[in-house]
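Quick look at what TrEMBL lists:
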BINDING   ARG81, ARG106, ASP133, PRO134, MET135, LEU136, ALA137, THR138, GLY139, GLY140, THR141, ASP206  5-phospho-alpha-D-ribose 1-diphosphate binding site
BINDING   ILE200, GLY205, ASP206, ALA207  uracil binding site
DOMAIN    8-213  domain 'Phosphoribosyltransferase'
Amino acid sequence: MAAMKTLVVDHPLVAHKLTTLRDVRTDSPTFRRLADELVTLLAYEATRDVRVTEATVDTPVAPAHGVRLARPAPLVVPILRAGLGMLDGMTRLLPTAEVGFLGMIRDEGTLKAQTYATRLPEDLSGRQCYVLDPMLATGGTLAAAIELLFARGAEDVTAICLLAAPEGLAYMEKVFAGSEAPVRVVTAALDERLNELGYIVPGLGDAGDRLYGVV
Ligand code: URA
């Protein structure tokens, strides 16, 4: 049985970008650019186990043995709305990945996740999936998204989150404790806690609002 694994990426560039991202004075255009750059750095770590197959190419001098990304291509799944702000940063590193979309919203009263849009291949057998969700807060949305991918046959799922709360990670660990398929969470920081409104403390506020403005 594969327990959930969490990686908090410890790198000065990640910490530097995250600090500016958190700053309440950072405007939306800067926030979008920094989120994009940060995701690319996290994606580098998150794709450490991406499947490859051996390949040989001819250099101008001699044959060279190397690798190429295996088929079927990885599937990247941003969770709308805020996950969209992470998509370009991810596909820059994995340009051949396919992209599916999941629209999920959490009820601010119950903090439970509801799915309002699904645009994913029906059959995900053998697919490695990368879910993009900036804030792992209660874990409800992310766990529901990953369960949906496993229900369609996904082989393993790696979630990339800008920030995580201990409560969210504990919930995910509980949900996926008995999962046969591997689940990994890669994040730039593990914050202190959730507040009574379900916000990560100190966090960065509402990621969707900071990316795209208040709705
Ligand atoms: N979602 C956000 O955008 N921010 C939080 O702090 C928690 C959930």
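Just so it is clear, glycine is given a Cβ too, placed from its N, Cα and C backbone atoms.
These figures come from a predicted structure and were not determined experimentally.
Structure with TrEMBL features highlighted.
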residue	record	Cβ contacts under 8 Å, 6 or more apart
ARG81	5-phospho-alpha-D-ribose 1-diphosphate binding site	GLY103, GLY208, LEU211, TYR212
ASP133	5-phospho-alpha-D-ribose 1-diphosphate binding site	PRO78, ILE79, ALA82, GLY83, MET86, THR141, LEU142, ALA145, ALA159, ILE160, CYS161
MET135	5-phospho-alpha-D-ribose 1-diphosphate binding site	ALA82, CYS161, LEU162, LEU163, ILE200, GLY203, LEU204, ALA207
ALA137	5-phospho-alpha-D-ribose 1-diphosphate binding site	ALA165, GLU167, GLY168, LEU194, GLY198, TYR199, ILE200
GLY139	5-phospho-alpha-D-ribose 1-diphosphate binding site	GLU167, GLY168, LEU169, ALA170, TYR171, MET172, VAL175
GLY205	uracil binding site	VAL24, TYR199
ASP206	uracil binding site	TYR199, VAL214
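Taking ASP133, ALA137, THR141 as the candidate binding-site residues, the subset whose CB lies under 6 angstroms from any atom of ligand 1 consists of ALA137.
It is ALA207, among the binding-site residues ILE200, ALA207, whose Cβ has the fewest other Cβ atoms within 10 Å in the structure shown.
Take the mean position of the Cβ atoms of ILE200, GLY205, ASP206, ALA207, the recorded uracil site; other residues of that chain with a Cβ within 8 Å of it are PRO134, MET135, TYR199, GLY203, LEU204, GLY208, ASP209, ARG210. In this view, THR141 (5-phospho-alpha-D-ribose 1-diphosphate binding site) is surrounded by 25 other Cβ atoms within 10 Å of its Cβ, with every protein chain counted.
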